[in-house]
Amino acid sequence: MINDFFTHPMRIFFLLLPLFCVLSSFIFFTNLDFITIHKTLFIGVIPCAAYCGFLLTAFLDWTKFNKNLKPHAVILFCILNLAFLSAFFNTFLANLFVAFAWTYIFILSTFMAIQGKNSDQLSIHLLLFLFAVFTFLYAFSTDEKYLHLEIFLHFIGIFIISFRISIVLGKEALVQGGDEISVFIPNLIYKNLAIIMIYVYIICVLAGFDKKTLGFILLGIGSATLAKLAELHYWILLKRYFILVYYFLQLTLGTGFIWLGISYLFELTSSADALHIITISGIFGVIYMVINIAGLRHSGFNGLKFDLDIKFGFICIFVGSICRAVFGQFSIVFLLYIPAILLATAFIIYGFKFYHIFKTTKFSEDPD
C-alpha cells in the first residue's frame, strides 16, 4: 500500500499535508515560539506538500511523461519531513529544506516539460522558481518581506490552479443539471489581470514603494477577483454545493484583498486581519478543495459529490478564518485557539476519509 502511495505521489502528499496541518495547529497551545514557527509551517512547509502532490500528478498528464516518479516522491517526502521537524527548533533549517523542495520541484517539472516538449506550463515554472528564490532569501536574511511575498506567490498559484479547477467544476455542474451540451468557459481576462497585478505588487514591494501605492494595487487585485465571480452567476451552476464553495472562496479572497488595500491606504491596524482571512480561506480553502477534487477524480469516482463530513470541513475553514480576522481582536480564544481547532478538524476529516479511500481504491487517471 505504501509503495502504491509513493508510486502515485498525489496520495502520499495529500495524506502528509493534513498530518502536518493538524500537528502544526497544536503549536498554538504550547510555550514554543508559535508566531515564528507557524509562519514557516503554514506558508512554507504545508503548501509545498500540496504542490508536490498536485504537480507531480498533473505534470504526468500535461507532459505525457512516462517514467516512474517514485524516487522523486521519496526524496521530496524526506525533504519535507526534515523541514517540518526542524521548524520546531531551527526555522533557518526548516526554510532551507523548503527552499530545496521548491528547487527540486522546479527542476523536475522543467525536465518533464522539456522531455514532453510542452511549453504551456511556463507560468507554473516561473512560480516554482520564485518560490525557491524567495524561500532561500527568507532563510538567509530572516527579512519577513520575502515571507510576505511568498504568500502572494501562493495567490498566483491559486488563480492558475483555480482557473483549471473551475473548468472541471463548471462542466460537472452542467452535467448534474442535465445539460451535457453547453460548455463552461471561465473568464481568462480577469484571471490574467489579477495575476499581472500581483506580480506588479511583488515588484513594487521589492522596489520599496510606499503602502499607499501598494494599497491601490491591492484594490485592483480584489476588484479583478470579484469581477471574475460574474462567470458563476447562473442558477444551474450556483445550486451545486461545490460551485457555492468555490464561489465563496473567491468572494472571500476578493473581499480580503480590498480590505487589505483599504488598510494600507488609510494606515489602519487591521492589515494583519485581512491577510489572515485571505490566507486561511484563500490558500487553505483552495488547497482543501483541490485535494478533495483530485483525490476523488483519481480514485475512480465518477462525477463530483462532497459528502456531509467534507462539507463540514469547508465550513470549519470558513468559520476559522472569520474568527481569526473579525473576532480575534476581542479574545485570544478567537485569535488563536478556535481557528487552530477548526482548521485541524477540517484536515482530520480529510485525512481519515481519504486514507480509507486511497487504501481501498486503485489510482485512476483523470477522467477528462
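Each residue, glycine too, has its Cβ placed from N, Cα and C.
Annotated transmembrane segment per TrEMBL: 12-29, 41-60, 72-90, 96-115, 122-140, 146-167, 188-209, 215-237, 244-262, 274-296, 308-327, 333-352, in sequence order.
Highlighted: of the candidate stretches 41-60, 146-167, 215-237, 308-327, 333-352, 41-60 has the greatest count of Cβ pairs under 8 Å to the transmembrane segment (96-115). Outside the transmembrane segment (244-262), and at least 6 residues removed from its termini, the chain residues within Cβ reach (under 8 Å) are 155, 158, 162, 165-166, 169, 214-219, 221-226, 228-229, 232, 238, 268, 270-271, 273-275, 277-278, 281-282, 285-286, 289, 306, 314, 318, 321, 325.
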